[in-house]
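Participant: As annotated by Swiss-Prot, transmembrane segment applies to 4-24, 38-58, 156-176, 193-213. Residues or ranges marked as Zn(2+) binding site by Swiss-Prot on the basis of sequence analysis: His145, His149, Glu222. Look at Swiss-Prot and you will find Glu146 tagged as active site.
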Amino acid sequence: MLRIGLFLLTNLAVLVVAGVVLSLLGVGNYRTADGLDLTNLLIFCAVFGFVGSFISLFLSKWMAKKTMGVQLIEQPRNADEKWLVDTVVELSQKAGIKTPEIGVFAAQESNAFATGWNRNDALVAVSLGLLQRFERDEVKAVLAHEIGHVANGDMITLSLIQGVVNTFVMFFARIIGDLVDRVIFKNEEGRGIAFFITTIVAELVLGILASMIVAAFSRYREYRADAAGATLADRGAMIRALQRLQAEMSAGVESPLPSSMRAFGISGGVRNLFASHPPLEARIQALRDSAHG
């Protein structure tokens, strides 16, 4: 899905900018003559860590529309758009959620995403490439997968996890900054320039490493969304859709999107730690195994 990349990038940007501004303003009374007041520091980091995460959440739908150039379907202009709207309405009713906004975006890559700050204020969009090359039952399965994300409340859960991660990134970055300032630069009178620079660098590094935790949750939720696609639509169609995506990627179909924003990426080695999606073959096998479970 596209939303994981957008969410992480927005969140990291908000976190770093907030950290810089707060440090320059001297906000946060957590440094005393005896060192850091860890309790006050943790409270301070939790407040601003969750603020950054939820700002990213509330901006996610707007950013997705602007970044991907999504054209909303308010009144279907042809039979394909009418089928798309009718299908999303049907799947939403099955999932027990309000019908999300529906849109398409001009990309030849087979892709789709869902985003939004809650189950009843979401957006589902598909690429023109997917609509043109996939069979309708396969498109329906992909849409069911995305509706599954919305129904499962994945974006809210992701925001809560990201809020916890942000809290500890800010917390440990400031501890590292304080240690460098006091121990290496021997600054005992307030925060020196070493504290500010070290804290910003530590936030960037720790933020990137912490993204592995968020990516691990994202991989887990992909399996759940695949299961939702199989339940709301059809298991066989869900498997065929993944196989078609796998074939396209194996054939080297060019993607205009960065890897973090692709709907169904394949990665290996260390890249798996940062991948927001499991390998396609693992997802296909999980669907097959669940059919016999």
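Cβ atoms here come from the backbone N, Cα and C positions, even for glycine.
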Participant: Tell me, how many other CB atoms lie within 10 A of the CB of His149 (Zn(2+) binding site), whichever protein chain they belong to?
Facilitator: 26
Participant: In angstrom units, rounded to an integer, how far apart are the Cα atoms of Glu222 (Zn(2+) binding site) and the residue listed as 'active site'?
Facilitator: 10
Participant: Looking only at DSSP and grouping its letters into three states, which state does His149 (Zn(2+) binding site) belong to?
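Facilitator: DSSP assigns His149 (Zn(2+) binding site) to helix.
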Participant: DSSP three-state call for Glu222 (Zn(2+) binding site): helix, strand or coil?
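Facilitator: It is helical.
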Participant: Return the count of C-beta atoms lying within 10 angstroms of the C-beta of Glu222 (Zn(2+) binding site), excluding that atom itself.
Facilitator: 25
Participant: Taking only same-chain residues 6+ apart in sequence, whose CB is under 8 Å from that of His145 (Zn(2+) binding site), what do you get?
Facilitator: Ala112, Ala225, Asp226, Ala228, Gly229, Met238
